[in-house]
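According to TrEMBL, the repeat 'WD' annotation covers 152-185, 279-311, 321-354. Taken from TrEMBL, the feature transmembrane segment covers 899-917, 923-944, 984-1001, 1013-1040, 1072-1093.
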Amino acid sequence: MNDTEIRGQLSKDDQLKFPSSIYSSKIIKISPSNEEKLEPNSILSSKKSLREEMQQICFYISQFKPSKIVTPFQGTWMLMSKDKSRFYFSNREGRIGIAKIDTKETCLDVDLEEGTIWTIALCNNDSYLFSGGKKGPIKKFSTVDMKQIDTYEGHTSEVNAILISSDERTMYSTGDDGTVLKWDITIPSSKPELLYTHNSLAYHMDLSVDNKFIATTSGERNVKVYSLEDKKIIKIIEEDFGTTWCVKITSSNTFIAFGDDRNLVYLYKFGSWERLRTFKGHTNRVRCINATHDERIIISGGIDNNIFLWDTLDKREGLLLEGHTNWVKTIIISPDNNFFYSLSDDCSIMTWRIPRFDYYTALTDSMPYNNVVAVYTGGRNTENLYMFSTTTLSKINRYGEMMSFNLTKKNYLHNIFNPKMDICCVISGNITRSYYYRGNNTAPKTKFTFEFYDVHNMILEKTETIDAYGIYSAMYSYDSKYIIIGEDRRCTILFANNLQVYHFFSSHKDYVQNLCQSPNCQLLFSSDKSGVIKSYDINGKKEIRSLIDTDAGVVAKMIVSSDNEFLIVLHKNYKVNIWATSKMIKVKSVIFHNVFDIQFIGNNNTLMCLYEKKLTAIEIPAFTCAFEIILNSVASYFAMSNDLTEIFFYQENGIFVYKNPYTVNTLSMYGDVSILNKYCHYIGRVASNKQETYEKSFNHWVIEPFHINAMHLYAYFNKGEFLEKALDDEAGFIISKSGYSPLDICLQMNNEDSVNLMFTKIKQESKKNPLFLNVLEKSLNRICMHGYSRTSKFLDIILCKSIDTTLQKFHHSNAKLPIILFSKELFTSKNSFMNSDQYSQEGQALQFLQTYFKMNMKPGSNESLDFIKSLILTENDSIFHKKFIQLILEEKWLRVRKVLLFQALIYLSYMALLSAYSSIPNWQVLISCFSLNIILILYEIMQIAFSGKDYFTDPWNYLDLIRSALMTLMFFQDLYNTGKYNDFLVAVVVFFTWIRGVSYFRLIKVTRYYINLLYEVIWDILPFLSILFYSTVAFCLIFARLDNLHETTFSFLTQSWEINVGGFDTAGYGKLWYLAFFFHTLLNPIVMLNLLISIMSHTFERVNSQIIVADSRELAGMILEGELLYFYRKNRIERTYLHVCTTLEVHSEENHVMSSLKEIKKKIGQLNTQHLSTASRLVVLEDTVRKIVDKIDDIKSIAEETRNLVSRTNT
């Protein structure tokens, strides 16, 4: 080949340095510590800002977007240079290409003129290239100038694979002639050694890393493994395969994997030749295969254009990566196991990050038996999963090892599990008839057997029998103290240790089918065949009330939320009712079509709902979807591990274990793992503002451990259209781990359009479900802080009408309303507001308002301080006009004012003593005064310690520091009698003390207004005083010059100032003096002072119009000062609901009705006007028509006369 035929010229520095095989001879084994570097084990170790979270997510997702190098032709084989800087690839037309990885550019495209090249290899530090293909001989080229320097003849047909040993002395090849040859490449044009042959075309070959084994695939539908040390075939793997096309021996000779034209990938144990897995995913022939250097992941590419990642250790589905549009020919793994590279017939080389998809695995891929009735996770032995059928008890551990135990009794009824002790109680017996009739407690009972099994050791510990009126349901109490059974028409509580009766409740009219207990073990719920639910107080041994929904039908399951606030009842018709346990009120109903099971997880108020092929997490009480996990087959049961880190699914194709999204600490994405690559690509395009179409299918994905979903991302990246569609499609409105909801992000990003959209959607949803307002729990501070005035609208819907129908409508007492109450219960008793005798059936109408989310209003707590600070720092004055804010401020003020009043009392005592000392100096009075001053100094020090730099934002605090310093100086000066300015210093201290005392008038509501007015007057008068002083000084200089400077300038300045205030004597004035006096009085006392009156009048009007805002700001400031004294409550969290009892505001409804009537009257008036106008137009039209008809008649008569005239003329 001539140099002129080379399309690209390489310099000496650009010489290719490819390894002798796809892998370097030095294989990097990824250790656990290395894996932690790839995925930090705790990325939430320190609190991150929203921006940092989003940056980390975007960076992580961006790595899943494959980068592409466009090649000039369709490739057949690819290698990476030894320095990992270039790709070297071949094609069917006999061309060789070189692409730089960093610049993604093709720097060489040369035609070797030897026809199709199927395979290539390099050696001698990438100095030489070997090519094999259509013509049979293997050719050797220099990579410096791409000139052929040797030929190796031996194959009689196409060569499909060439591999070179790690010592670069030996070459192995195979091809369509079925031979596997060994070459000594240290000898020019050496003759090959035949190792073995296939009876069909050989398609692919792999050389083990230690150069001890060769594996080949062929049309014989098998894989042959050859030992280079023993010089013989050690294994022919042949089962019911298709044509095998590719093979890979993993780096430590642990596995051998290969793919065939039946679209399958097979994994075998190397040496024992046991088939471990068969991977299904490709839809056409598997063309290439490779494995990560840690042997954990097998990567295959096919002519279906797809790439799959398969886990060799955990039994999980393959992960699909889509991106190529034509056959995938070669896959190369990066040495660090982070990335891989693929060559395709779509004329591209793609770089892929190997994604993490290890948040689920399979304990077993075969079902132990099909009649499982319950699945439990071990409490004491957390590594175990227990399964029960009607005849068998089984356990399976983390390694998939399973043990079974046959139950002794055949007439099985129920099994209940004690997770604290890993004890299972199996209840058996016969139920033949109805046992119990009301009023006849002597009706015969039947014996039932309780067998207690140690399920970890698979032994029967003890057997007990009891007499009962049938056992239709049973459960262990949460504290494992009791066993509760449902009988015919009653439920009975038994001591778990001896089955003695603690208490029984007889109130049902049918047999009890379902039982449920609250996690705090205080409430018990039972349901019978008719669907009636009874609630009981276990400790009080009394029935509370019945819960009836006549349309719901039979109950399938009942559970109580982790916070004991809600009872969730799933009926067999898939209707779900939510009852508030505090008042036994139904707060919401929803349909969960085809749901299999529901459970709560730990202390998290998230309802897990199992469907046929998915698990949906619903956050209670907002009832918004947190995420969905799509399963690969139908699931019958699921269970949460005792430490809440894993979720077990009993599926038709095995038992699968998923990491709990709420506890996972590595960055993971939950949804449909089979389209993980699509999700990453979609989110990446959203982040780069390149995604133009909204995808509904990604609404219920979640990114953990940040707990961020698509709504957060749409809000952050200002995708308003996507956000609106997601809200319409009921995407999860969830709060991230760092406390941000989609609304919070819109507020922080100052996206006013999205904020308005959020308000509309939240308001609409809250009308259907007031509990949806729970999504605002973390947003309150940001709503108050945000400068956009319309955000205050959220405060109008936060405090809304209670849905508690048991509250009274009227009262006749003199109770002062509104009555504010903070309660841990969603609904509170009417007696909490006033005594029952104060309510009536008529009188003053009442309304009860409440919040549907909890707030921490404990004075001194961090959350309470943050809320008050948000009110102080906000620029949005409109929030102070909201009823919710006013109620909160008043209530918080009532809680902290006693502290400030006590402080005011100390200061008043100090001020009185100081005033007494200034009038009558007395050493005892001074000591008492200084003692109080020490107390006030300590108070200021404490304020600085707990408020930090916020302390210096209040001007009064500067006065406190100055006053304290001057008082201390005065004390020691008087003590040692060292100063000659004692009287002056005392006067200054008195001045600052009395000035500071003005601030305490803020404690009194009626004087707080005047303090605000005083502030504003002082600030408004400052510009005026500067002009007044300017003119005063000017006339001072004029007077001094007119008097020929006979007196000091200061005397003329005082004289000029006295003229301003009316203190003057003109007896000795000359003409010029009087003229100057005239202009002075005209300008300052008349014009300037009248201007001052105008300014103060304007200030008064402004302050009066903003009196609520100013008063509220002052109140918030004092509340903050008071709450800082409760520093010992800083970390206390006591969240409560706000309840308000107030008078019914009927006037607003009357005004609404009147305005509606006026609007109707206006419309009627408009219609009447339109009618009159139309009538007058009809009259005009009628006259016009009449005139037209008259004209037509005239024309007809003229025409008749004309016709007669013509007729006579003709005659």
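Glycine is treated like the rest: Cβ placed from N, Cα and C.
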Helix, strand and coil totals (DSSP H, G, I; E, B; other) for the repeat 'WD' (152-185): 0 helix, 19 strand, 15 coil
Outside the transmembrane segment (923-944), six or more residues from its ends: residues with CB under 8 Å to it: 903, 906-907, 909-910, 913-914, 916-917, 951, 957, 960-961, 964, 967-968, 971, 974, 1121, 1124-1125, 1127
Contact set, same chain, for the repeat 'WD' (321-354): CB under 8 Å, 6 or more residues outside the stretch: 22-24, 27-28, 30, 34, 38, 63-64, 66-80, 84, 87, 89, 99, 101, 287-294, 296-297, 299-303, 305-309, 677-678
Helix-strand-coil residue split for the repeat 'WD' (321-354), DSSP-based: 0 helix, 19 strand, 15 coil
Residue distribution over DSSP helix, strand and coil in the repeat 'WD' (279-311): 0 helix, 19 strand, 14 coil
